[in-house]
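A.B. asks: First, the structure itself, so that you have it in front of you.
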């Protein structure tokens with residue numbers, strides 16, 4: 001008998017295909033504190049039992065493949081395999097269920113969101129035995145969290161850098177998002193910052209196009225920042241989008257921003273990729289730059305309820321990879337966002353310890369072990385009438401960003417910024433006096449209009465604007 005044949009015989013190798021559930025469905029398994037836990041919404045093909053589908057997810061996202069291989073005998077599968085340890089039905093959905101999978105920590109490279117996602121949401125999402133698959137939530141264990149730097153600075157450090165406390169921060173995305181020259185772009189930035197905003201922002205697809213190259217934009221925006229700071233006595237910033245075609249070019253743009261002395265840069269973390277994002281976050285921490293994160297492309301991944309990945313997972317991944325701000329929906333604006341679900345992942349972005357709460361879509365208790373928090377950014381179709389609701393929903397540790405709601409003011413950009421600042425200050429003062437923003441919000445705004453003609457004009461323009469469409473990605477009703 002040859003040595004190779006002898007090895008196969010000794011490990012009891014038997015060629016062929018066997019059911020996944022014989023190896024990867026282990027309902028008796030007790031999860032460990034070091035396991036990464038995942039909750040998948042699974043829709044199996046007709047005829048595929050839930051246990052087999054759940055086990056297939058565990059197998060194909062860890063050590064398994066479609067057939068038995070003799071090299072299984074050269075390692076300890078019990079140590080390295082993913083395990084489907086629990087299955088539960090989805091209320092109101094006969095063909096869907098939640099499969100809970102535990103992954104040993106040794107399966108993942110330290111400090112790499114890229115590697116974690118390559119395994120957990122890799123090829124398994126194209127598996128033919130599944131009609132659809134969605135990753136609803138992840139529990140990141142402290143042992144793995146501690147291998148990440150996380151956000152470059154975090155909420156408290158940002159407030160200290162900006163010297164701004166006790167209220168949400170105010171921003172504005174410059175519009176039109178494409179087509180302005182660098183000088184006209186810088187003019188709009190100056191007018192908004194001079195009017196009372198804390199930040200202005202490059203839109204996600206502003207990189208370095210023929211009509212406005214990145215270096216020119218950076219220079220004119222820096223001039224606008226310094227001029228508005230000198231005139232207002234407040235620290236100002238503009239999210240300079242450093243996203244580029246290569247990591248090297250991205251870092252070059254961040255270096256130039258640092259040389260200009262501006263406080264913050266920006267990255268499109270999903271289109272740019274997690275490897276690029278983590279690299280930029282490390283640079284920002286080392287060089288004192290805040291990092292604003294845009295989530296362009298997220299709805300391709302997270303909007304459909306039965307396939308893809310919920311944004312709460314992308315939010316957790318961003319906190320690991322690094323970012324000081326991230327767009328998180330508005331609940332009340334033009335973009336998708338269920339209220340309870342949004343509040344759930346907002347807490348996961350900001351808080352150090354978040355308890356399991358299925359009523360808000362949180363499947364696992366998450367301990368961030370002092371990883372810095374991320375400011376959620378509310379942006380998309382919001383205006384001054386939304387200010388009470390936004391202040392009540394998101395609280396002080398947030399960024400409220402009005403693009404069209406600033407630049408669409410009938411009197412111009414600076415009056416639009418004034419209107420938003422007055423509305424915010426009125427809401428914060430009313431809240432601090434004990435008034436209920438959810439009930440008295442419109443009254444508070446009308447009262448402020450009496451001493452702010454800019455706010456009164458904005459209220460008149462947008463009094464009829466509504467985005468009353470049902471949310472596609474709603475929470476399941478728990479029995």
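Any Cβ shown, glycine's included, is placed from N, Cα and C.
Take a look at what Swiss-Prot says about it:
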{"type": "BINDING", "residues": "123, 173, 177, 295, 327, 379", "note": "substrate binding site"}
{"type": "ACT_SITE", "residues": "175", "note": "active site, proton acceptor"}
{"type": "MOD_RES", "residues": "201", "note": "N6-carboxylysine"}
{"type": "BINDING", "residues": "201, 203, 204", "note": "Mg(2+) binding site"}
{"type": "MOD_RES", "residues": "208", "note": "phosphoserine"}
{"type": "ACT_SITE", "residues": "294", "note": "active site, proton acceptor"}
{"type": "MOD_RES", "residues": "330", "note": "phosphothreonine"}
{"type": "SITE", "residues": "334", "note": "site 'Transition state stabilizer'"}
A.B. asks: Hey, what's the widest CA-to-CA gap across 123, 173, 177, 295, 327, 379, the substrate contacts in the record, in Å?
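C.D. replies: It comes out at 37 Å between the most distant Cα atoms.
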A.B. asks: Around the Mg(2+) site formed by 201, 203, 204, which additional residues qualify by having Cβ within 8 Å of the site's Cβ center?
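C.D. replies: Not counting the recorded site residues, we get 173, 174, 177, 202, 205, 206, 239, 241, 266, 294.
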A.B. asks: Around residue 379 (substrate binding site), how many other C-beta atoms are within 10 angstroms of its C-beta?
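C.D. replies: A count of 24.
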A.B. asks: Helix, strand or coil at residue 123 (substrate binding site), per DSSP?
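C.D. replies: Note: residue 123 (substrate binding site) is helical by DSSP.
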A.B. asks: Pull out the binding-site residues from the set 123, 173, 177, 295, 379 whose C-alpha sits within 10 Å of the C-alpha of residue 330 (phosphothreonine).
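C.D. replies: The binding-site residues passing the 10 Å Cα test are 379.
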A.B. asks: When you rank 201, 208, 294 by Cα distance to residue 173 (substrate binding site), which of the recorded positions ends up on top as the closest?
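C.D. replies: Going through 201, 208, 294 one by one, the Cα closest to that of residue 173 (substrate binding site) is 201.
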A.B. asks: Of these recorded positions, 201, 294, 327, which scores lowest on Cβ atoms within 10 Å?
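C.D. replies: Least crowded of the recorded positions 201, 294, 327, by Cβ count within 10 Å, is 327.
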A.B. asks: Counting only residues 6+ away in sequence within the same chain, which have a CB under 8 Å from the CB of residue 175 (active site, proton acceptor)?
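C.D. replies: Sequence-distant Cβ neighbours: 203, 403, 404, 407.
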A.B. asks: Here are some recorded positions: 123, 208. Which one has the most Cβ atoms within 10 Å of its Cβ?
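C.D. replies: That would be 208, with the highest Cβ count within 10 Å.
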